[in-house]
Amino acid sequence: MIVETGHFALILALCVALVQAVIPLVGAQKGWSGWMAVATPAALAQFGLIAIAFAALTYAFVTSDFSLKLVYENSHTDKPMLYKVTGVWGNHEGSMLLWVLILAMFGAAAAAFGGALPERLRARVLAVQGTIGVAFLVFVLFTSNPFLRLEEAPFNGRDMNPLLQDPGLAFHPPFLYLGYVGLSMAFSFAVAALIEGRVDAAWARWVRPWTLAAWIFLTIGIALGSWWAYYELGWGGFWFWDPVENASLMPWLLAAALLHSAIVVEKREALKSWTILLAIMAFGFSLIGTFLVRSGVISSVHSFANDPERGVFILFILAFFTGGALTLYAARASEMQAKGLFSMVSRESALVMNNVLLAVAALVVFTGTVWPLIAELFWDRKLSVGAPFFEKAFTPFMVGLALLLPLGSMMPWKRASLGKLVRPLLPALVLTLAVLALVWVMATGRPMLALGAAGLGAWILFGALAEIWQRAGRTPGRILRLPRADWGKAFAHGGLGIVFAGVGLLMAGQVEDIRVAKAGDSFEVAGYTITLVSVEDVPGPNFTAKTATMEVRQGGKLVATLHPEKRIYPVQAMPTTEADIDNGFWRDVYLVIGDPQEGGGWAVRTYVKPFANWIWAGCLLMAFGGGLSLTDRRYRSAAGARRATVADAVAAE
């Protein structure tokens with residue numbers, strides 16, 4: 001009965017979404033306040049109904065209701081409770097239900113906290129959100145229904161993919177979806193602005209918090225996925241340039257560009273058309289990523305589903321929303337003329353360059369991701385585009401961004417003087433040169449890569465600190481009184497610098513050793529003595545494992561005792577490799593036990609990875625900085641609304 005209630009709630013949610021999509025839009029066009037007022041209760045009701053449906057599906061997983069097809073295919077009575085819950089979204093149907101839940105949640109948040117918005121703008125934004133909700137609810141109900149019953153309930157289920165039974169991956173999809181779907185708010189604001197023919201400083205102030213929130217969630221989601229790949233898959237890498245990974249990177253880059261261009265609209269009322277285009281394309285690339293992950297048109301090491309019928313449906317959604325928005329953009333963008341003028345050397349120009357670099361970087365990732373599909377369609381050639389292409393094509397744009405970032409942050413609006421600009425950055429430049437000298441003395445492996453990474457990372461980090469010092473008027477007592485947005489910007493930029501340094505130094509200095517070892521054998525890797533003490537059978541809650549005990553020593557002193565595993569999940573008869581890592585500030589010692597070899601030995605892989613944890617520490621700092629900025633009172637206030645002189649004005653400029 002609970003499952004049927006959830007299914008019925010999902011159908012009702014579709015009906016409410018239809019009302020939300022049509023009635024407020026007509027009301028805004030006609031100026032009927034009563035019709036526009038329907039948007040808020042409809043958005044709240046839609047969220048409540050989808051939450052009921054999601055709760056019903058969660059209940060079915062927790063209680064192991066194997067009469068439900070989805071539970072049978074993705075759960076088992078022996079599975080730990082955490083993975084019973086995360087199994088709700090560890091599959092295509094459940095993940096799409098989570099998608100529409102988050103979509104409705106953002107719409108409900110806009111309805112609940114959007115009281116400062118002009119009445120017509122709020123109605124149109126919520127109507128666009130409702131239209132997106134209609135499309136995805138139809139997709140869920142007709143192609144991906146999570147509430148289908150089996151004629152006879154089996155005694156037990158088939159279990160979830162063992163690779164997904166991990167705490168890191170349990171929370172990776174929700175954060176990623178919060179980012180993907182969060183960009184729908186920027187899209188809805190962009191389409192509403194195009195309908196009204198109005199983009200001004202107030203609009204930019206309204207759209208920035210939603211974009212920033214989506215960017216924060218994407219940052220956390222990408223970091224969690226990368227961290228999971230690093231420690232769970234056993235290959236020692238953190239980014240594979242796989243289509244599924246690229247699907248999240250592209251909207252992240254465009255969301256970052258949108259954040260910076262919206263600042264120019266807010267402060268100088270320039271880049272209006274470009275900002276609208278970025279808002280459309282950021283969500284458009286979220287839909288493109290969804291299509292790539294779920295259609296099966298491109299081979300991926302971890303695609304979610306390979307169903308051409310679903311892929312065609314998602315392609316239709318992509319074409320309808322992105323194509324429709326771009327058509328509207330082509331018709332109305334010319335009305336949004338820029339007001340603010342600026343010189344070639346100014347903060348506006350630096351932000352334009354920032355946008356160009358980020359947008360072209362996203363285009364490079366997109367080209368490399370879809371090129372195998374293009375080659376097969378037009379030339380009937382099967383090929384793959386791997387890490388070498390992306391590293392060579394993507395890296396130059398990131399290097400340019402790193403060099404520009406501290407300079408642009410210090411520039412004043414409208415016009416800047418190079419002489420006045422360089423002076424506050426001299427301490428940052430001196431400290432960067434000191435870091436370069438230190439790395440030059442200590443670097444091994446690929447010293448030029450290490451120098452470049454350390455130099456760029458230090459330049460960004462020290463540049464962020466120099467900006468904080470400059471904004472405080474070079475007075476220590478004023479530093480802590482700076483607005484949270486200033487501190488958030490410094491943390492986010494500094495975190496990016498740490499990521500730059502971590503990625504480059506890891507790639508320059510990592511050491512890999514692959515060998516066969518027997519119990520009692522010791523061997524040397526990068527100054528560490530590794531001893532394989534034993535390999536034993538250890539039972540788990542829903543798996544059996546060959547667990548190795550391995551000691552790591554340095555200079556005769558025991559540093560760590562690690563226990564890498566080779567697991568077998570009997571329900572799916574699937575082996576997995578569980579690495580064990582001695583995490584450190586300066587390096588990771590990463591051990592993997594492989595298959596047994598002839599003569600009683602075991603395949604053993606050892607990696608020593610310098611500065612690996614700096615990558616995820618930098619990502620967390622970026623997300624923290626974004627969150628700190630989001631708590632700034634200037635984001636929470638309705639100042640933008642107060643600056644809108646006529647709430648119902650349709651055309652301006």
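Here, residue 1 is simply the first one shown, and the rest follow in order.
Backbone N, Cα and C atoms are what each Cβ position is placed from, and that goes for glycine too.
According to Swiss-Prot:
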type	residues	note
TRANSMEM	8-28	transmembrane segment
TRANSMEM	97-117	transmembrane segment
TRANSMEM	125-145	transmembrane segment
TRANSMEM	175-195	transmembrane segment
TRANSMEM	210-230	transmembrane segment
TRANSMEM	245-265	transmembrane segment
TRANSMEM	273-293	transmembrane segment
TRANSMEM	311-331	transmembrane segment
TRANSMEM	358-378	transmembrane segment
TRANSMEM	449-469	transmembrane segment
TRANSMEM	491-511	transmembrane segment
TRANSMEM	610-630	transmembrane segment
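Contact between the transmembrane segment (245-265) and the transmembrane segment (175-195) is supported by 3 or more Cβ pairs under 8 Å, counting only residues 6 or more apart in sequence. When the stretches 8-28, 125-145, 273-293, 311-331, 449-469 are ranked by Cβ pairs under 8 Å to the transmembrane segment (175-195), first place goes to 273-293. Residues 34-39, 42-43, 45-46, 49-50, 52-53, 56, 97, 100, 104, 107, 119-120, 123-124, 126-131, 133-134, 137-138, 140-141, 147, 195 of the same chain, all 6+ positions outside the transmembrane segment (8-28), place their C-beta atoms under 8 angstroms from a C-beta of that stretch. Under 8 Å from some Cβ of the transmembrane segment (311-331) lie the Cβ atoms of residues 131-132, 135-136, 139, 143, 187, 190-191, 194-195, 273, 276-277, 280-281, 283-284, 287-288, 290-291, 294-297, all in the same chain and six or more residues away from its ends.
Long-range contacts of the transmembrane segment (358-378) within the same chain: residues 241, 243, 246-247, 249-250, 253-254, 256-257, 260, 278, 285, 288, 292, 297-299, 384-385, 389-390, 393-394, 397-398, 401, each at least 6 residues beyond the stretch ends and with a Cβ under 8 Å from a Cβ of the stretch. Against the transmembrane segment (97-117), the recorded stretches 125-145, 210-230, 273-293, 449-469 differ in Cβ pairs under 8 Å, and the greatest number is found for 125-145.
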